[in-house]
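S.K.: Here it is, the structure in full.
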Amino acid sequence: MHKAQKFALGLLAAAAVATASDVVQLKKDTFDDFIKTNDLVLAEFFAPWCGHCKALAPEYEEAATTLKEKNIKLAKVDCTEETDLCQQHGVEGYPTLKVFRGLDNVSPYKGQRKAAAITSYMIKQSLPAVSEVTKDNLEEFKKADKAVLVAYVDASDKASSEVFTQVAEKLRDNYPFGSSSDAALAEAEGVKAPAIVLYKDFDEGKAVFSEKFEVEAIEKFAKTGATPLIGEIGPETYSDYMSAGIPLAYIFAETAEERKELSDKLKPIAEAQRGVINFGTIDAKAFGAHAGNLNLKTDKFPAFAIQEVAKNQKFPFDQEKEITFEAIKAFVDDFVAGKIEPSIKSEPIPEKQEGPVTVVVAKNYNEIVLDDTKDVLIEFYAPWCGHCKALAPKYEELGALYAKSEFKDRVVIAKVDATANDVPDEIQGFPTIKLYPAGAKGQPVTYSGSRTVEDLIKFIAENGKYKAAISEDAEETSSATETTTETATKSEEAAKETATEHDEL
């Protein structure tokens with residue numbers, strides 16, 4: 001009996017360990033006190049049925065455990081149980097992550113949803129914009145992240161310090177920033193003040209900035225130096241490449257050995273184009289479908305393509321040709337010189353527009369969307385997207401209301417399958433809805449409200465040139481699920497049906 005009791009107690013202990021969590025679950029009556037008593041908190045607002053939330057859960061747990069020793073708390077709120085609390089904090093989709101420094105200092109989490117990224121982001125949040133660096137803590141500071149920046153500035157050089165602080169405030173989510181006025185330490189690090197050293201745990205190990213301290217120049221130096229010469233393109237790095245502001249060259253290959261071989265072969269090209277084009281390898285077995293997004297065949301590798309991120313233009317290298325140093329160098333040089341036309345993927349132009357919603361394809365995009373005489377509301381959708389399917393009848397109703405209104409010749413309700421057509425807009429998820437006002441086509445307005453006919457009409461009336469307010473008969477309701485956006489990497493619908501990994505970024 002004694003042994004049985006010990007065995008039972010052992011099972012209970014094991015269960016306690018297995019179920020222990022470093023993520024604190026908060027409710028309405030505990031939320032405010034928890035935020036007030038902890039200097040820095042990352043809170044996740046989630047729903048148990050949400051596929052993206054389920055995918056985040058183990059990553060969030062791992063990050064919470066890692067950050068516990070640094071006294072950075074991770075919390076979560078179940079919005080199906082705490083509806084009022086979630087509405088109070090403006091939650092419109094799941095998961096929503098917010099950084100709290102007290103109840104009055106709240107900012108959205110802008111990092112990736114991976115344990116390492118969450119950990120890195122929150123550590124940077126815990127640091128001051130610029131940390132003091134000395135000979136005693138320099139080596140430790142270098143290890144704070146994959147890339148850190150240290151300014152070596154004389155104590156009397158207030159101007160350089162102010163410029164560096166401006167950059168740090170702007171980019172603090174991306175890199176840890178440190179500063180030292182120790183001339184001997186600067187000399188030991190091989191620089192003379194004023195200078196900035198970017199320390200990194202890849203490529204050549206560090207990069208030095210010794211030009212005049214100007215915000216734009218330092219920003220460019222940081223972004224260029226912190227990007228691997230030839231990095232790895234995947235879910236954790238993709239958004240960073242997309243936000244870098246320069247073209248991205250993809251090297252597709254099916255094996256790690258082949259990716260390394262091609263990287264070594266093309267490295268001199270990447271070095272010559274540093275700061276002009278980012279280069280990265282991509283696993284063709286895991287993410288081969290992304291080749292199709294670049295207008296490459298998805299069954300013929302290795303392959304190479306360049307994406308002009310700002311204009312969302314694709315420049316695929318001929319897959320019938322061998323990837324050699326000479327061939328890729330010539331291709332890249334021609335791209336930089338503007339000698340290559342972008343490849344455009346488009347469905348056929350509809351022979352006739354049927355229905356109240358105008359169908360847009362790549363070949364008629366400019367003609368319809370950029371018609372300067374009309375306010376054009378356009379939905380960028382994906383056929384597999386569950387939220388797009390849910391929106392469809394409401395969007396048709398919206399189109400019908402405008403088609404029979406006094407604004408029928410001045411307002412267009414349109415849609416485009418963004419998976420089958422190249423569009424110049426940067427689309428982060430589906431559905432994305434934008435209004436291109438007449439007379440201001442260069443300043444489209446992205447819709448972020450609930451997906452009801454009433455609210456969409458209000459959006460058009462408030463942001464369009466013609467202030468096209470119309471009435472609608474049916475009263476619509478909205479919920480957080482209606483405003484959720486599905487990322488292009490994974491549809492929530494598919495996440496519910498299968499646990500297999502998707503091969504899109």
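Cβ coordinates come from backbone N, Cα and C, glycine included.
So Swiss-Prot lists the following for this protein:
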DOMAIN    21-128  domain 'Thioredoxin 1'
DISULFID  Cys50-Cys53  disulfide bond
ACT_SITE  Cys50  active site, nucleophile
SITE      Gly51  site 'Contributes to redox potential value'
SITE      His52  site 'Contributes to redox potential value'
ACT_SITE  Cys53  active site, nucleophile
SITE      Arg113  site 'Lowers pKa of C-terminal Cys of first active site'
DOMAIN    335-465  domain 'Thioredoxin 2'
DISULFID  Cys385-Cys388  disulfide bond
ACT_SITE  Cys385  active site, nucleophile
SITE      Gly386  site 'Contributes to redox potential value'
SITE      His387  site 'Contributes to redox potential value'
ACT_SITE  Cys388  active site, nucleophile
COMPBIAS  477-488  compositional bias 'Low complexity'
MOTIF     502-505  motif 'Prevents secretion from ER'
S.K.: Report the DSSP secondary-structure composition of the domain 'Thioredoxin 1' (21-128) as helix, strand and coil residue counts.
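M.R.: The counts are 46 helix, 23 strand, 39 coil.
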S.K.: From the Cα of Cys385 (disulfide bond) across to the Cα of Cys53 (disulfide bond), what is the distance in angstrom?
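M.R.: The Cα atom of Cys53 (disulfide bond) is 17 Å away from the Cα atom of Cys385 (disulfide bond).
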S.K.: Just counting, how many other CB atoms are there within 10 A of the CB of Cys385 (disulfide bond)?
M.R.: 23
S.K.: Across the motif 'Prevents secretion from ER' (502-505), what does the pLDDT come to on average, as a whole number?
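M.R.: The answer is 41, the mean pLDDT of the model over that range.
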S.K.: Could you check which of the recorded positions (Gly51, Cys385, Gly386, His387, Cys388) sits closest to Arg113 (site 'Lowers pKa of C-terminal Cys of first active site'), going Cα to Cα?
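M.R.: Of the recorded positions Gly51, Cys385, Gly386, His387, Cys388, Gly51 has its Cα closest to that of Arg113 (site 'Lowers pKa of C-terminal Cys of first active site').
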